[in-house]
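Enquirer: Before I ask anything, let me first share the structure, which is written out below as structure tokens.
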There are 4 protein chains.
Amino acid sequence: MKILIVPNLRKDGAAGHTREVIRRFIELGCEVTLGEQFSYIFENSGARFGNYSTELSRADMIVAIGGDGTIIHSAKDAVTADKPILGVNLGRLGFLAQLELQDLGLLGEIVAGNYRTEERMMVKATRVLPDSRRERYYALNDIVLSKGALSRMVDLDVRCQNEMVGAFRADGLIFATPTGSTAYSMSAGGPIVDPAIDSIVMTPICPHALGSRPLIFAPEKVLSVNQRIVNYTDKLYMTIDGEQAVMINPEDKIEIKRSTRRVKLVALDRRNFYEILSDKLSSRG
Amino acid sequence: MKILIVPNLRKDGAAGHTREVIRRFIELGCEVTLGEQFSYIFENSGARFGNYSTELSRADMIVAIGGDGTIIHSAKDAVTADKPILGVNLGRLGFLAQLELQDLGLLGEIVAGNYRTEERMMVKATRVLPDSRRERYYALNDIVLSKGALSRMVDLDVRCQNEMVGAFRADGLIFATPTGSTAYSMSAGGPIVDPAIDSIVMTPICPHALGSRPLIFAPEKVLSVNQRIVNYTDKLYMTIDGEQAVMINPEDKIEIKRSTRRVKLVALDRRNFYEILSDKLSSRG
Amino acid sequence: MKILIVPNLRKDGAAGHTREVIRRFIELGCEVTLGEQFSYIFENSGARFGNYSTELSRADMIVAIGGDGTIIHSAKDAVTADKPILGVNLGRLGFLAQLELQDLGLLGEIVAGNYRTEERMMVKATRVLPDSRRERYYALNDIVLSKGALSRMVDLDVRCQNEMVGAFRADGLIFATPTGSTAYSMSAGGPIVDPAIDSIVMTPICPHALGSRPLIFAPEKVLSVNQRIVNYTDKLYMTIDGEQAVMINPEDKIEIKRSTRRVKLVALDRRNFYEILSDKLSSRG
Amino acid sequence: MKILIVPNLRKDGAAGHTREVIRRFIELGCEVTLGEQFSYIFENSGARFGNYSTELSRADMIVAIGGDGTIIHSAKDAVTADKPILGVNLGRLGFLAQLELQDLGLLGEIVAGNYRTEERMMVKATRVLPDSRRERYYALNDIVLSKGALSRMVDLDVRCQNEMVGAFRADGLIFATPTGSTAYSMSAGGPIVDPAIDSIVMTPICPHALGSRPLIFAPEKVLSVNQRIVNYTDKLYMTIDGEQAVMINPEDKIEIKRSTRRVKLVALDRRNFYEILSDKLSSRG
């Protein structure tokens with residue numbers, strides 16, 4: 001079994017924990033690789049180093065070591081290569097990591113194939129420019145359209161299957177997957193959606209219309225968003241999974257729909273979703 | 001075509017409007033019947049009168065004349081007999097009625113078969129008594145578990161597929177269908193769910209745990225609720241679609257799941273869901 | 001110094017802790033009394049027993065032993081007799097108790113007069129009956145107007161200084177003091193008000209008008225509430241501090257204003273309000 | 001009576017309406033002045049033009065013609081010169097303008113002195129730099145501390161009288177006056193505070209801790225805010241009344257307290273606050 005390991009070395013103790021994961025996989029007879037940028041730090045670990053893209057395509061499984069952010073980032077690479085991903089948690093309690101450090105003994109089960117994979121929906125945003133060029137973005141958590149720091153608000157028209165859903169004046173709009181319903185959307189007042197239901201959650205951020213509520217759209221629906229210009233100094237940004245930001249011009253149109261790509265999370269049924277949720281809710285802050 | 005008409009005579013002008021609907025269906029060549037309790041008020045209208053259950057089983061379509069409450073009530077009879085239901089609105093703007101009074105000219109389209117039906121999910125609550133007897137209740141909008149007027153709160157343990165979801169201390173819990181997401185659940189802070197997504201929305205009413213959020217469960221999940229007794233003076237009631245209430249004993253268990261029954265609404269594609277929603281939101285209050 | 005002790009014996013270990021409090025006050029040279037109903041359980045403790053009202057008027061300080069509910073109940077007696085009240089906490093973390101069991105060593109400070117008192121605003125509700133009779137109720141936390149368990153909602157017109165504030169369709173309305181802002185009002189979505197600001201917080205419970213927001217009224221304002229009858233089966237109840245309930249007739253009018261009575265809490269500056277708040281928020285559930 | 005007129009010419013029809021206001025005041029025997037930048041557009045109107053600061057100090061009343069934003073901006077100049085301000089509304093329904101265009105007949109009452117003034121609290125923010133320099137900012141609506149568009153959140157420690165209130169992870173914090181409670185704070189979920197109660201409303205924007213609630217502080221309290229650095233790419237901005245923005249360095253401290261300055265609004269008792277509120281709530285969006 002070929003394992004590609006992607007560690008987030010900014011986490012405390014990440015190098016040591018990664019070395020331990022490498023050691024265990026090698027003992028279990030796996031071939032372990034990392035991107036060549038890690039060769040210096042993990043030399044003599046028994047792992048091989050190579051070009052990240054090449055190793056991604058050759059791996060049987062991606063193992064991301066870090067927090068939920070690390071796993072989200074790597075999951076999008078894993079999905080492109082159609083590989084399953086396993087998260088080893090170095091951060092605070094997370095929804096996506098399946099293994100805590102004290103559970104490394106379970107790596108044997110995984111190598112033996114005793115696991116199932118859980119598919120997670122992704123959302124795709126297409127930015128349609130005035131000259132009809134299309135830029136595509138993929139998110140596992142959320143696509144956020146929001147005002148610039150010095151703008152007062154954005155004014156967005158949202159359509160679903162070309163029918164008007166509403167004109168929203170707000171600090172922004174969050175389009176979240178069920179996976180993302182426990183992230184930024186939750187802070188903005190959104191509901192928590194069972195990852196087993198494909199759907200798109202649209203949560204307004206500080207809506208000026210007080211009655212605004214989160215809306216849950218069926219997964220086959222195509223949403224589109226246009227900026228209604230009130231004031232040219234109001235800037236609009238699109239943020240993808242909180243890690244990439246694009247400035248959107250007033251003439252651009254954004255389309256939001258379910259991606260055909262699906263993340264495959266290695267799942268071990270150790271803790272249920274609601275148990276993690278309950279722990280997170282009482283510890284957040 | 002055999003039409004069973006169910007009018008809500010408490011609505012202003014209901015008798016006159018019902019007479020008009022009867023006249024139009026007869027002109028269009030339909031056979032129109034009503035329950036025998038209406039024979040006095042609609043005599044000479046050309047309609048026939050009969051036993052409600054018999055006429056229900058013989059009808060091709062149920063036509064409910066009134067508000068959303070009237071339609072919800074009749075829809076549950078229609079679903080038992082597996083008949084489509086058409087709502088004619090006499091109330092404030094509603095989500096379920098497809099025809100306003102000024103649209104009666106469209107009845108010809110319906111008699112000609114130029115309509116589609118839209119299926120709506122129902123939720124089933126089973127009350128399991130200590131002697132294992134089971135009482136079953138069906139809702140198109142919602143099942144609400146709530147405290148008595150003089151109780152301080154209820155304390156409910158919720159499980160999903162036998163795994164603990166949480167212990168909720170609150171005034172109550174609402175289990176809504178997507179159809180019901182625009183009703184009581186919305187007042188309690190719940191999200192609005194596209195009727196095309198089968199799911200169960202659980203919205204807490206005045207939760208003591210401040211972080212409590214509405215949860216959206218996948219439709220194949222079975223939920224169960226137990227009362228955790230804090231104080232024997234705390235009473236628990238179960239309300240079905242806001243029209244039927246049952247007192248629940250501390251030893252009873254409540255199971256909530258999607259019903260296999262589905263309402264078939266006659267749909268005319270005249271107004272989209274979000275247009276109605278936007279009108280409702282700005283007019284409520 | 002004469003101390004009247006009011007224990008809540010339903011709390012775990014209350015008898016033993018009360019006996020300890022009695023012993024310490026006697027050692028400090030105080031005269032300790034309890035209501036005569038406690039004579040059996042605390043005989044040989046060194047305390048005297050007498051008629052509750054008489055002892056209340058003769059005491060220098062009331063000491064309530066129990067949770068926030070116990071203190072609220074006794075505080076209203078204390079205020080009638082214009083005496084300061086000290087709460088000793090036997091319950092979960094509370095906002096009103098100043099002493100935890102491990103702090104009983106501080107009783108010496110109190111007997112020595114080394115404490116300040118903190119005044120807390122109360123709210124007064126007057127029920128005006130059709131024959132002009134007036135019933136008066138006093139709350140330290142809140143006056144709640146709410147629907148019966150089987151009603152769908154209440155429909156209430158609220159006026160401030162005879163000017164219309166709004167027509168509210170909701171499960172109910174909470175009128176809270178700043179002290180009560182951390183109780184039921186908080187569960188219904190209300191803000192937390194510094195006990196140093198006299199004001200009345202009106203928080204709607206499950207409002208049908210989605211934009212409804214909690215309103216904070218200046219303390220000199222007089223509010224009045226009338227029931228707008230939609231349906232005679234809808235019942236209205238008034239609950240005072242969650243411990244007394246009155247059924248309100250459709251013809252009754254309710255007036256809400258600041259009481260001239262003020263609770264005097266013995267304060268020791270051991271923990272600040274926001275520290276307790278933060279602990280409560282993370283532990284509630 | 002000397003009137004200084006401050007029009008917002010970006011509003012539709014502002015020039016014509018301003019000319020009408022000038023004409024009426026002159027007919028009523030007043031001396032009308034405007035800043036010299038308006039001399040070209042209002043020449044031949046009978047008004048005089050002069051240096052804005054000089055005219056401000058010589059005027060008996062400031063008349064701002066525009067929307068709530070225009071009035072807020074001018075009010076801060078008026079307060080510096082200790083003059084009353086009258087707002088004439090050209091925008092959507094507002095809370096601060098006392099005259100609508102159809103009410104210009106009432107200007108006679110104002111010139112005759114038949115009006116009262118209503119004082120409104122302002123909030124003062126002091127930015128304390130590491131070298132102890134202090135920059136002072138004054139707001140009639142709100143001081144907002146918020147993240148940059150591309151930051152994930154800010155992490156702020158808030159103290160009240162040097163006691164810890166809490167550590168807030170959020171998109172930002174709003175510190176609003178009662179006047180500002182109907183502005184941005186309301187969009188972020190804040191309560192509506194009677195302008196007659198001096199207080200500071202702190203409303204978190206998208207708080208990560210789900211239980212976070214708006215807090216209302218007594219007016220004599222001094223709040224201070226420090227940035228807890230999680231990530232140096234996270235930027236913090238301070239916005240004053242939505243019209244001025246300052247970037248805050250990690251080492252800066254922000255102090256928030258009631259200003260000793262108070263706006264004097266010319267008040268005509270034509271519409272009550274709650275009537276305007278109710279109209280705004282149903283029309284926003």
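Positions of Cβ are set from backbone N, Cα and C atoms, glycine also.
Owing to the predicted nature of the structure, the values given are computational and were not obtained by experimental measurement.
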Enquirer: C:Asp68, C:Gly69, C:His73, C:Asn141, C:Asp142, C:Arg169, C:Asp171, C:Thr182, C:Ala183, C:Tyr184, C:Ser185, C:Met186, C:Ser187 bind NAD(+) according to TrEMBL; which of C:Arg58, C:Arg133, C:Arg152, C:Arg159 goes with them?
Expert: C:Arg152
Enquirer: Considering all pairs of residues in C:Asp68, C:Gly69, C:His73, C:Asn141, C:Asp142, C:Arg152, C:Arg169, C:Asp171, C:Thr182, C:Ala183, C:Tyr184, C:Ser185, C:Met186, C:Ser187, annotated in the record as contacting NAD(+), what is the maximal C-alpha distance expressed in whole angstrom?
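Expert: If we measure all Cα pairs in C:Asp68, C:Gly69, C:His73, C:Asn141, C:Asp142, C:Arg152, C:Arg169, C:Asp171, C:Thr182, C:Ala183, C:Tyr184, C:Ser185, C:Met186, C:Ser187, the largest is 31 Å.
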Enquirer: Against chain D, with Cβ pairs under 8 Å, which of the binding-site residues C:Asp68, C:His73, C:Asp142, C:Arg169, C:Thr182, C:Met186 show up? Give them in sequence order, please.
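Expert: Near chain D: C:Met186.
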Enquirer: Taking the Cβ of C:His73 (NAD(+) binding site) as the centre, count every other Cβ atom within 10 Å, in any protein chain shown.
Expert: 18
Enquirer: Validating a neighbour-count step here. Other CB atoms within 10 A of the CB of C:Thr182 (NAD(+) binding site): how many?
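Expert: A count of 25.
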Enquirer: When each of the binding-site residues C:Asp68, C:Arg169, C:Met186 is checked against chain B, which show a C-beta distance below 8 angstroms?
Expert: C:Arg169, C:Met186
Enquirer: Is C:Arg169 (NAD(+) binding site) helix, strand or coil when read with DSSP?
Expert: strand
